[in-house]
Amino acid sequence: MDDDGRYRDGRSDFIRGAKDIAKVAKKQVGKKVGRGMDKMTDEYTKRSYKRFEEEDDDDDYAGVQSGDGGYYRNDSRANDDEGHSDSTEGHDEDDEIYEGEYQGIPRADSGKAGGMDGVTAEAQQFRDLSAYEGERRKDQEELAQQYETILQECGHGKFQWTLYFVLGLALMADGVEIFVVGFVLPSAEKDMCLSEPNKGMLGLIVYLGMMVGAFVWGGLADRIGRRQTLLISLSINSVFAFFSSFVQGYSSFLFCRLASGVGIGGSIPIVFSYYSEFLAQEKRGEHLSWLCMFWMIGGIYASAMAWAIIPHYGWSFQMGSAYQFHSWRVFVLVCAFPSVAAISALSTMPESPRFYLENGKHDEAWMILKQVHDTNMRAKGYPERVFSVTTIKTVKQMDELVDMGDSAAWHQKWRIKLSALFHQVWNNFQTVFSPEYRRTTYMMMAVWFSMSFSYYGLTVWFPDMIKYLQKQEYASRTKVFVKEKVEHVTFNFTLENQVHRQGQYFNDKFMNMKMKSMVFEDSLFEECYFEGITSSSTFFKNCTFIATLFYNTDLFKYRLINCKLINSTFLHNKEGCLLSDISDENNAYMVYFVSFLGTLAVLPGNIVSALLMDKIGRLRMLAGSSVISCISCFFLSFGNSESAMIALLCLFGGISIASWNSLDVLTVELYPSHKRTTAFGFLNALCKLAAVLGISIFTSFVGITKAVPILFASGALALGSFLALKLPETRGQVLQ
């Protein structure tokens, strides 16, 4: 019995001792979790990627860190114990426990260690947010310096030029989208019988769509990638541009153009951010300015296609009276080609490696940078040069896990994922107004708004002023006939630009003819016959019709203003709106020609800005161009003829394009990579809002006064140039 008692007492002491050891071990594991995670992260960034090399396994490498934070080849052997991690071992020599026990992070309820131990472990595992942000900022600064050095090693060559033309197609599609509705509106308004408010909405709907698209796609590009977001946005643009070519009703056409604008809205913010992340510092300003030329090419393409296609009314077919496909619809279809071509070409290009590195995807970024290096070296005749970078700094990531459960339905999972993505995009957008970037963002908002308000307002005001001058010149050639008396005469020829007052028409026939800009005032029509009449801008005011027959005409009652109808009849009136005016065709050619010249005029400004962007700096280019554009606005007061207005339009466009190029480059360089497209998209959305306001305000003064548009435009440009000088210069700096 004594032996049994001693045995039981010894066993109890052994169990208590084991429990005490377990408690101490658990405390030690909890304390070392944070250190273990740090060592695992550091070990990941110090690995030598030997699997990407084709040398034998016995080649010697070492992780010798360069001055920019990268790791390059060396002949010395790396220390074997650098990969040691306490978290993977589960123990050390001082705290030895049985193999397999307490491997990893202990559960919160795994023992009765007390609340203080759990709080300590949790505090070690989940670090303070400010400390985490400080570490991310340090990582981003180190990455920026190293990334610039890597781009220097990769060089500038075939890969960048290939990407230049691919992204140029996307930018070209944006330029085309701006002009499409304006070119088809004169024809579409007759096909769809559009009222003046409907025409105004159709002209503005593209800008509203682009405003929404710029904000949405810009935010998404910082979360899911530049390439993927651009592919999605261009696909939406091309699909709805294709549908808009075939839909018949006004509402459906309006919706398709809105959706098309939403799609193409992501082009500008993503394209410039995407391309800038493949450019070294000394090439960035110049080549981003060269990229701007594709917007000009898009405008030239749209003008040339409109000139070649829309006036050919024979390029059409119809199925009954319900479905019509005129030449302007062919033009809309052709304008979708740049977007489709951009999608095809972009599918062969890689994602931005800078985006991958910002999101902790080291291997993917390394492979892309190696592809850039090898492509350029082979094209330059140095295929033997090897990409010497083995490891690149990555930014610490915060896990954003969403518990959806195993039993959740697929639509619930998608809803949760989309909701999480929305919150991530919104939170990233709010950081644009954080104290660090608040002043820069407000200044950029003012500059973008002032530039867009004046530029888009004037570029739409110019063509409207040209049309107004054309109408004035046309009205000056109006022939006036007073108190004429016509009897037993058959009119079967075109009557145009005439005013007939107090006339008398007895037993006359108006057959198979066109009436354009005809006005009959206080006239009498007795026993007359109207058949096959096609009219435009034709009105009868205070006239009297006695025993008159209207057969197959479009002289609807709204054309008869305060008229008396006595024993008169309307039979088989024409339906719909017809393409009938030869004068409209001439005006259309003039609109296309003016747009072509105005777009081509920006070529000298593009060349000058590209050559000087990296020499004089972004701010001087922006402020100088804005000041010269402001001065050129005062010459508008001398534009009293059609040719003078066209010349002033070309002058203003050629000067102001340098401001836009500088603003694009400055926006890319002022914001860090993880919020670059978000900020660019927001500012571009504000740009489209300013465009809508500028167009609405400036066009309301057409034919009234020139002073107000001139003062508005010059004042906005002067304000923009002043604020631009308050922004920080980014020339010669690495991409944040």
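Each Cβ is built from the backbone N, Cα and C atoms, and glycine gets one as well.
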From 257-276, 417-436, which range did TrEMBL mark with transmembrane segment? 257-276
Mind checking which residues reach the transmembrane segment (678-701)? Cβ under 8 Å, same chain, six or more beyond either end. 203-204, 207-208, 210-212, 214-219, 221-222, 265-266, 268-270, 272-273, 425, 428-429, 432, 437, 441, 444-445, 448-458, 460-461, 464, 667-668, 670-671, 708-709, 712-713
Tertiary contacts of the transmembrane segment (442-462), defined by C-beta under 8 angstroms and 6+ residue spacing from its ends, are 207, 594, 598, 622, 626, 629, 633, 645, 648-649, 652-653, 656, 659-660, 663, 666-667, 670, 679, 683-684, 686-691, 693-695, 697-699, 701-702, 709, 712-714, 716-717, 719-720, 723-724, 726-727
If you average the pLDDT over the domain 'Major facilitator superfamily (MFS) profile' (163-731), what number do you get? 85
Cβ-based contact of the transmembrane segment (161-188) with the transmembrane segment (288-310), 3 or more pairs under 8 Å: yes
Please report, as numbers and ranges, the same-chain residues at least 6 past the borders of the transmembrane segment (288-310) whose CB is under 8 Å from any CB of it. 164, 167-169, 171-176, 178-180, 183-184, 187, 271-272, 275-276, 279, 327-328, 330-331, 334-335, 338, 588-589, 592-593, 595-596, 598-600, 602-603, 606, 609-610, 613, 657, 660-661, 664-665, 668
